[in-house]
Amino acid sequence: MSPQPPVAGTHDDTDAAQPPATLADSARSTTPWLLALLCFVLPAVPVYVVLAGPLKGNGSPARLLSVIMLGLVALGFVVIRRTGPTRRINPGVLILLTYLLLWLITYGVGVMSADNYTISTNRTRALIALVCHVGVGLYVLGRVRTPRDHRIVLGSLLAGLAFACLVGFLQGVSSVDLRYLFQPPGFVLNTDDLQLSERAGAARVRGTSQHPIEFSVLAAITLPLALYMAQTARTRNAKVAAGVAAVIAVLALPASISRTGIIAVGAAMAFYMLAFKVRQIAPAVAALVIAIACYAAAFPTIMNALWSTISGSSEDASIEGRTKDYASVAELLRSHPLFGVGLGGSEPTVFGYLDNEWMQSVVQGGLVGLTAMTLLMVGAVFGIAASLRRAGSREERVRSYMLGAIAIGILTSSFTFDLFSFEQTALVFFIVFALLWAPFTVPADRSEIG
């Protein structure tokens, strides 16, 4: 079992003053195995694989691990003694707690209305998901402190993402389906929606995800992570494995036939390139052009379907449906401007999936929900700046750009995807958000600043 984490966001000057060697030595006895397990299980095991019994969607391995982490965070706040002459706090903690508070306010307002059974259960599910997402973020902030911790967490995440990409690629080119390879004993399927859909004559793969769009976002963020690990891994075998993961991600992404994935990988890689010089970028761009040509020759059906999806966006029924939703959302905002219908309170038959997390925030939280979403996005941007500021080596600086690329890729998808309605992408975002801020701290007392 993973050791009890320190209190998220609070560090004293004694810890901060320790030399790097001391931190590295202490880290050897406190490997973040629980977090590493979550990072692998999250993309490797479908969220609809759940523990048999009444838990339903809350019984997935990732959700159960999230609940454990939430409990450890709560226990840490109560039990661990705060010492040190100067109080320090992590701004990422304040951002996550403020985000949580804003959504709890909308939830409280929403539950005061008369709901039917469907909406009532939706509210409960949304509340559990919200608290678990924030809890995982706080756990990461309190648990990850050293470069070694980062490497273990990122390596585990890459292993899980690479497996998910492999599953998706095999779904597209063969009848092999490895989705349930890591299904634990005693766990069952919680959905009947297991068939792959089609678009423009090609199967839309989903890997281990609930939807092809979610899978495309995961494949998009796998690429910068794999490239980073291929560059900075400590052993030759690890570098080769990371390179293979990058190739698998490139092969899997187009097979989802998703515009969102293409936009996400474009935004992520555009930011990640800022970490390199032009002479390093030029060969990579040339290799990309060659790779696209080879992919089109090897998998013409997939490429034709993807091109048809992108070029025919103006006539796509899904795009038309999204634009029609704008009027409904605007009408709801006029009638419920401040708090919306409350967290989890949107009627599935009226709104359902809006393919836009910002509109979901307006529907479920009104201006308060929109403020919470904006706070999280701005917090991620400042987290990138904080991570770059404290980078003490070339490797740490590249890692900051890589984490920023993942965050930007996921946030870009929020404009065309119900980001926080899907567990895999939502939890990956909160993990990356916390990794950007960990272990950046500032004095809690203003008199100590400067």
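Keep in mind that glycine also has a Cβ here, set from the backbone N, Cα and C atoms.
Pulled from TrEMBL, these are the features on record:
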- 1-23: region 'Disordered' (REGION)
- 33-55: transmembrane segment (TRANSMEM)
- 61-80: transmembrane segment (TRANSMEM)
- 92-112: transmembrane segment (TRANSMEM)
- 124-141: transmembrane segment (TRANSMEM)
- 153-173: transmembrane segment (TRANSMEM)
- 213-230: transmembrane segment (TRANSMEM)
- 237-255: transmembrane segment (TRANSMEM)
- 245-372: domain 'O-antigen ligase-related' (DOMAIN)
- 261-278: transmembrane segment (TRANSMEM)
- 285-307: transmembrane segment (TRANSMEM)
- 367-388: transmembrane segment (TRANSMEM)
- 400-420: transmembrane segment (TRANSMEM)
- 426-444: transmembrane segment (TRANSMEM)
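Confidence across the domain 'O-antigen ligase-related' (245-372), taken as the mean pLDDT and rounded to a whole number, stands at 88. Nonlocal intrachain contacts for the transmembrane segment (92-112), taken as residues 6+ away from its ends with a CB within less than 8 angstroms of a stretch CB, comprise 8-9, 123, 126-127, 130-131, 134, 137-138, 141, 339-345, 364-366, 368-369, 371-372, 375-376, 379, 383, 430, 433-434, 436-438, 440. For the domain 'O-antigen ligase-related' (245-372), DSSP puts the residue distribution at 100 helix, 0 strand, 28 coil.
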